[in-house]
Amino acid sequence: MIYTDAGVDEDKATIRPNQTHQFQKVQDEAKEWTKNKFLEFLNNFKLKKKIDKNNNNNNNEDNEDNNENENEYDENGIKKEKIDKSYYRQQVERMIKNDKSSLYIDFLHLEKFDKGLGKALLMEYFRLEPAIRQGLSIFIQKYFPSFMERVNKERIVLSICCYNVSTFVHIRELRSSRIGSLCSISGTVTRTSEVRPELVIGSFICKDCNTSSLPIAQQFKYTEPTKCLNPLCSNQRRWKINLEESTFTDWQKVRVQENNSEIPGGSVPRSLEIILRGDSVETARAGDTCTFVGTMNVIPDVSKMSIGNNAQIIKGVASSTKEGSNANGKDDFGGVGGLKDLGVREMNYRVCFFSQSVRSNVSTLSSINRKESGDNHGGHSHSVGIIDEDLEPESKESFLDSLPKKEKDSLKKMIKSKKIYQNLVNSICPSIFGHEEIKRGVLLMLFGGVHKKTPEKIRLRGDINVCIVGDPSTSKSTFLKYLVSFLPRTVYTSGKASSAAGLTATVVKDQESGDFNIEAGALMLADNGICCIDEFDKMEPGDQVAIHEAMEQQTISIAKAGIHASLNARTSILAAANPIGGRYDRNKTLKQNLNIGGPLMSRFDLFFVVLDECNPESDHRIAEHIVLTHQKREKAFNAPFSATEIKNYIKYTKFICPTIPDESVQLLVGHYDRLRQMDTSGSKTPAYRITVRQLESLVRLSESLARLHLDTKVLPKYVNEAARLLEKSIVHVETNDVILGDDDDDLVKNVENDNDNHAEEDGDDGIGKLTMNFSKYSQLSKLLVLQIKQSGKEKSGIKQIDLIDWYIKDQLESGIITDDEVTKETKITKMVINKMINKDNSLVVLVPNQYPDHRILIIHPNYSFDK
């Protein structure tokens, strides 16, 4: 832990107490001036009303009331007050009412009140901070004496937190010139420690004579008195801390990584440790992009300094055996090491940022997923929402009121729009031409279903997972990048470059304390957001298994290094995958084209197959769209809604939790029964097995459509649209007819999958390729394999002629074919068997024969019925 002097008044704490002599204390004139000016600011600053420029000439009472209502909240999210009382006196009242100890100061107010005071605090905030805290104590003592008595009795540390600081610095721009000055930085939180107590002012007892020391301010590390106050005691090292008389505050350390937009080309992102105290702890979570306001300081590296006198400062060199060591075993290292120690001597100081206030760059309502009923919305206090916790919108009306007038008007137009579904589809990723079905799926993923909990407290996810499969250069990755560009808590990662720990979470050891902490992975960082995974098929099988739990249960379980935890990963997953071999083979099913296991495929609600087909008309339109994009850029798109309008509409719909009426329940059950019948009958070959998860997908998609249309009930039309999307995703497989071989007997040119299975001639020459519908071929091949398995001759094998005779006899008895069609069906069956042996590797010739009909066939050891 890092100990600091936060919350210490110089009148109450002394660093070096003297035994006998009392020296006259020298007053810092700058601190005295700052204290008086800040006290004057707290007493006299009043927030003036803002008047709409358009209504400057209207002085009637109605216009004044309208202006007051429209500007009830300022741009900082703070409710504006009337000017009959000091603004910050009211803020102190709120602070006391909310049981907080931090007063939030808008730095713009301070600079407006006194530019000299603002400039002084910007330049030397670390030096002047005790003075403004003294001013706050005097202010509270004057107006709220009862609260001040409680502060003194309970040893509460009062603090001042500034926001809206004009000086913004990038993480990699922090230099020694910034030490002690006030500035704000922005970054993404990657790791948070647990909240611990921090010793601010320590009171110690001498172990020799039991004399109490004066309060000792902790200077970045555990600091004890230099000498006992008892003149008859010579103790300088043996001390016992007096916990009852000491002052503690909450402390938390977070690691922040600079934003992607701030990283120069060819550079890796920089990280910085930030210390939070008091009311600021637990306001930043892993994955949040926040703005921190505070001061940069250099602190002693306690882990290096606390080892002892024989600390090994030079790597690989024993302190007492080499030349240059004193006789007593201590290294004689001076302040100047020279060029020989460059890169060898350990640094005893390091940079740390002490933050006063934390403000999320996006409101908690921007989260894509709304929690189950009963959960706290957002999970943590909003921005500097400690000022007024009532500002968090709790209904559609309050959310509308919190928007600026221009955004409110545009949102009201969207609410009244009759073609909102199609307009939103046209507004999603306008730089991509076509792909309307994919845009519909992505749009429904943004709105999501309703999170639920069973009576057994089992969570039922409402997030929708989508996977886009297709040929290269079909704009798969563009959809992922588009969502990352404007949605909050959206994380982009690549499957090939990500490990299981990088996607879920890992346990790391704190170098200072030695404790093990959990560091969030991509799925944890995207909690209440979207995780975009590119090259999903390139993930290792072990890494794919790691995200099974996160995709269905939406949790990540960790049991490492003595840590047993179940972490939230309530995120939607948008994945992009390439087919095996780089191109989608239409003669194979979706599962055969993807390097993804069946359990993982069933966790996706929607699959979309995108093919790069040569079509002169579509190619011309796509090329024209791309050229216009390069020529006119943003002006080339004519999207009905902007990204900001889409985000506001999504936030607005999150307050709606649609329910399912009885008529929709029966319709959902009917659609599910039909999908299961397709899976077993073979009339249409599904892309993968239909399970109960597909029924839950239907429910989620229907709820998302109802939420999109602002309906509180899931109407049958929403269920039908959800079923259409799901069937297009899992039943409609992009396949060509299967080529069986050459037809030399003028028997068949094209085998159609009609009711009678009759062959038709295609062409007049009588010579061509024999083709078969893919669904018919798949059904026939599975039937032949199943017969070999059920005959009990899996190991010994079966003659090809016996297998064909069984199939023809079965077709005749079932009335599927007639006696006139036996010769044609026999030839087709022989060609299917040849393809199963030579192409599909589903059958193996165990005993060859010069006559193909008499060879012995067995099932290939690697054959799977689920293919």
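Count begins at 1; order follows the chain as displayed.
Placed from the backbone N, Cα and C atoms, the Cβ positions cover glycine too.
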- Could you look at N568, N578, N587 and say which one Swiss-Prot places alongside S473, T474, K476, S477 in the ATP site? N578
- Whole-number Å distance separating the Cα atoms of E696 (ADP binding site) and K476 (ATP binding site) is 26
- Message: Using the Cβ center of S473, T474, K476, S477, N578 as the ATP site position, which other residues in that chain lie within 8 Å, going by their Cβ?
- Response: I468, G470, D471, P472, S475, A576, V610
- Over all shown protein chains, what is the count of other CB atoms within 10 A of the CB belonging to T474 (ATP binding site)? 20
- Task: Express the distance between the Cα positions of K476 (ATP binding site) and R693 (ADP binding site) as a whole number of Å.
- Result: 25
- Query: For the motif 'Arginine finger' (602-605), what are the DSSP-based totals of helix, strand and coil residues?
  - Reply: 0 helix, 0 strand, 4 coil
- Measure from the CA atom of R693 (ADP binding site) to the CA atom of T474 (ATP binding site) and give the result in Å, rounded to a whole number. 28
- Set of same-chain residues at least 6 away whose C-beta sits under 8 angstroms from S473 (ATP binding site): D612
- Can you tell me the mean pLDDT for the domain 'MCM' (420-626)? 85
